[in-house]
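K.L.:
Marked as Cu cation binding site by Swiss-Prot: His45, His47, His62, His119. Here Swiss-Prot flags His62, His70, His79, Asp82 as Zn(2+) binding site. The disulfide bond annotation in Swiss-Prot covers Cys56-Cys145.
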Amino acid sequence: MVKAVVVLGSSEIVKGTIHFVQEGDGPTTVTGSVSGLKPGLHGFHIHALGDTTNGCMSTGPHYNPAGKEHGAPEDETRHAGDLGNVTAGEDGVANIHVVDSQIPLTGPNSIIGRAVVVHADPDDLGKGGHELSKTTGNAGGRVACGIIGLQG
């Protein structure tokens, strides 16, 4: 079993901790919570770079080793880092539980050292018809991010 963790932060009030667990070659389970969000849906993605030198903007595009268009987590055509949306309640807290086979913690496409980004707006899952739908899901600004690291 391989475990990883990311502590999310920003210059805003948004913060959280996300845990990743992968058993063997199986899917990766993602759990945790994010607080300080406005109520509603927020895009939740793995971005390509583990670089926060310019805040969340320097984390690059969505992690996309296969060179596909943006989509929903259940779509065949999607970025590996497309994990859809998280839903914040009236208290501003989003509880996260995702199981995904495209975000391994080991091997050539490992997400270790990459970034988790929570966005200001809903991800339209590539189906919104906006010019950004097929690249970012038109999910708006980056309100929190952190770098995924191995955990003992």
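Quick reminder: no glycine exception, Cβ is built from N, Cα and C everywhere.
Give me the structural setting of these features: burial, nearby parts and distances.
P.N.:
Cβ neighbours of His45 (Cu cation binding site) (same chain, under 8 Å, six or more residues apart in sequence): His62, Tyr63, His79, Gly81, Asp82, Leu83, Val116, Val117, His119, Asp123, Ala139. In the three-state DSSP scheme, His45 (Cu cation binding site) is classed as strand.
Take the CB of His70 (Zn(2+) binding site) and look out to 10 A: across all protein chains shown you find 28 other CB atoms.
Taking Cβ-Cβ distances under 8 Å and a sequence separation of 6 or more, the neighbours of Cys56 (disulfide bond) in its chain are Ser10, Ala115, Val117, Arg142, Val143, Ala144, Cys145.
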K.L.:
Residues near the Cu cation site, His45, His47, His62, His119 excluded, by Cβ within 8 Å of the Cβ center?
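P.N.:
Nearby residues not in the site list: Gly43, Phe44, Ile46, Thr59, Pro61, Tyr63, Gly81, Asp82, Val117, Thr136, Ala139, Arg142.
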K.L.:
Hey, how far is His70 (Zn(2+) binding site) from His47 (Cu cation binding site), Cα to Cα, in Å?
P.N.:
12
